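Reading through the structure tokens given below for one structure.
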């Protein structure tokens, strides 16, 4: 009876995975499950600390750092996240993500409220926001249908051409897009005494959608769809041989990235309170690529790190050099990152941490 109870007790315990290594000529068996649990706890602790810092930050910084640095970094990070998702998990470098964000921004201005009353329809903000995101997803899906059958440099050139075409369309069309003047006085909604245009409320609004977008990407890449998408990135021919519809997975990835870019586009037009062709110009398109590369495109967090670095350089580099030479600083930073750390600042941090703590690499 005692032996049967002990057997039942052993069966009720969760299995513990082991790892066998050779030390001093003799095999050593160690448990890996506690290490996995400790790594999970450590990762959750890091996320909690980062989130607490982000929540407390507005109450310890000036309005300039809250709005111009914090909110802008989060918004650009969301748009760059859409590119990082496509490139990092799908192997598709799309230069039209800011174009998709611009479509959502223009939809917010056209269907919502702006200073151009003869064009803006002044619909309710919630309906305008939903419609803007739907248009962004639709535009991204169309871009995906056009570009998914190409690879490498051809995908980059096609998406760049789409972005340039959209820029000239908005610049030359006055009936819908109001030409080069664009739209101004586009503000977020106000709920009673809560004005989302104020620095702290708008920062928290941007933070909410940044965390939501980050969590959505982390979830999607772990789903069967996300795993299959990474398979198409690594070996397209093999995935086709296994019966996967590679084109459909890539189009769906573009649609999901379009949703992220649409959210970022709405926040961007609320942040600037205006939108014009310059918002989606060629230099702005390349800035999103630079942000993603600087931060690191192999991890969603890299998009926000790159956005923060870009915004800091944009605001404080002019104290050291002329404003006209800012692109030289950004270009030099971009080249240095590509040469010394192709995985961006986040990849550089992982390499340094591996050198300081070599045991973690085992």
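Here, residue 1 is simply the first one shown, and the rest follow in order.
Note that Cβ sites are derived from N, Cα and C of the backbone, with glycine treated the same way.
Residues or ranges marked as region 'Disordered' by TrEMBL: 1-37.
Residues or ranges marked as compositional bias 'Polar residues' in TrEMBL: 14-37.
Below 8 angstroms of C-beta separation, residues 66, 70, 199-200, 203-204, 207, 211 of the same chain, each at least six residues beyond the ends of the transmembrane segment (44-60), sit close to that stretch. Here TrEMBL flags 44-60 (among others) as transmembrane segment.
Positions annotated as transmembrane segment by TrEMBL: 66-86 (among others).
Taking Cβ pairs closer than 8 Å, the transmembrane segment (98-119) reaches residues 79, 82, 125, 127-129, 131-133, 135-136, 139-140, 143, 162-163, 166-167, 170, 175-178, 182-187, 257-258, 261-266, 268-270, 275, 279-280, 284-285, 287-288 in its own chain, all 6 or more past its ends. The feature transmembrane segment is assigned by TrEMBL to 98-119 (among others).
Residues or ranges marked as transmembrane segment by TrEMBL: 125-146 (among others).
Among the features that TrEMBL reports, transmembrane segment is placed at 153-170 (among others).
As annotated by TrEMBL, transmembrane segment applies to 202-221 (among others).
Residues or ranges marked as transmembrane segment by TrEMBL: 242-269 (among others).
Under the heading transmembrane segment, TrEMBL lists 275-294 (among others).
Annotation source TrEMBL lists transmembrane segment at 301-318 (among others).
The transmembrane segment feature in TrEMBL is assigned to 330-352 (among others). With a cut-off of 8 Å between Cβ atoms, the residues of this chain six or more beyond the transmembrane segment (330-352) that come close are 287, 290, 292-299, 301-302, 305-306, 309-310, 313.
For the transmembrane segment (275-294), same-chain residues at least 6 beyond its ends with a Cβ under 8 Å from one of its own Cβ atoms are 76-77, 79-80, 83-84, 87, 93, 95-99, 101-102, 105-106, 108-109, 160, 163-164, 166-168, 170-171, 177, 179-183, 186, 268-269, 302-303, 305-307, 309-310, 327, 330, 333-334, 337-338, 344-345. Contact between the transmembrane segment (301-318) and the transmembrane segment (66-86) is supported: at least 3 Cβ pairs lie under 8 Å, counting only residues 6 or more apart in sequence. When each of the listed stretches 66-86, 125-146, 202-221, 242-269 is scored by C-beta pairs under 8 angstroms to the transmembrane segment (153-170), 125-146 comes out highest.
Packing against the transmembrane segment (66-86) from elsewhere in the chain are residues 57-58, 92-94, 97-98, 100-101, 199-200, 202-203, 206-207, 209-210, 213-214, 217, 220-221, 253-254, 256-258, 260-261, 263-265, 267-268, 271, 287-289, 291-292, 295-297, 299-300, 302-304, 306-308, 310-312, 315: each is 6 or more residues past its ends and has a CB under 8 Å from a CB in it.
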